[in-house]
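**Q** Before I ask anything, let me first share the structure, which is written out below as C-alpha cells.
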Amino acid sequence: TVKVSKSATDADKNTPVAKDQTVEPGSTPKAEDSIANLSELPAGTTVAFKDPVDTTGEGDKPATVVVTYPDGSSEEVPVTVKVSKSATDADKNTPVAKDQTVEPGSTPKAEDSIANLSELPAGTTVAFKEPVDTTGEGDKVVTVVVTYPDGSSEEVSVTVKVSKPATDADKNTPVAKDQTVEPGSTPKAEDSIANLSELPAGTKVSFKEPVDTTGEGDKVVTVVVTYPDGS
C-alpha cells in the first residue's frame, strides 16, 4: 500500500491570533497591527487586508486579514478595526468657572473667570466669546472659550459681577457724641464724633452749617464725615 498525502503546510501548522486595533477616522490601518502573534509566525509571513477598511466613520469595522506563509499557503482571519477619534485636550480637561467682580465700565479678563487655568495644558488660551457689557451693575452671565494647544476647544458659562467697590463710607459707621459748649463759642465737629480715632487716617469732619450758639439750649446739627477715598 502506498499512502499518498499532502505534507502539512505552514497554514496547517500555525494559528494567527486576531487583535483589535484602534485608528482615527480617515486613517489607513495596518494589517500587521491586527495579528497579535505575528512575530511568532514563520519568517517571511505577510499579512494584508482582503478588502480596504472603510474608516470614514466611527465605529467597529469587521475586516479580514489574509495571512500568507513562505510556503505559499494562506488563511483568512476575521478581525475588528475600531475607528474612533483620539481623546483631545478638551476631552481630557475640565475648566472650572469662577465668578469675578469688576467695576462698572471696566474690562474683565477671561483668565480671571477660570479657577483652574494654571492646571490646564501649557499654552491653553481663554477669551470671552462676546465682549462683556459692564456699563451697568449686576450679574452678567457670559461664555469663556477655552482653546487648547491641540486646537480643540470648549465653552464655559461664567458670571461676571459688575458692582461699585465698597467705599470708606460703606465700611465705616461714625458714632455721634453730644458735646457741651458755652454761649457764643465755636464748637469743634471733631468733638461730636465719638469714634473719630477709629475711622481711617485722613478722615475729616465738619459741621454742614455753622452752629448757632448765641442762645442756650440743645442744637441739633449735622456733621459731614469725609473719608480719604472721597466718600
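Keep in mind that glycine also has a Cβ here, set from the backbone N, Cα and C atoms.
Features from TrEMBL:
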| type | residues | note |
| --- | --- | --- |
| DOMAIN | 10-84 | domain 'Rib' |
| DOMAIN | 89-163 | domain 'Rib' |
| DOMAIN | 168-231 | domain 'Rib' |
| REGION | 1-118 | region 'Disordered' |
| REGION | 159-214 | region 'Disordered' |
**Q** Within the region 'Disordered' (159-214), how many residues are helix, strand or coil going by DSSP?
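**A** Helix/strand/coil tally for the region 'Disordered' (159-214): 11 helix, 10 strand, 35 coil.
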**Q** Where DSSP helix means H, G or I and strand means E or B, what are the helix, strand and coil counts for the domain 'Rib' (10-84)?
**A** 11 helix, 29 strand, 35 coil
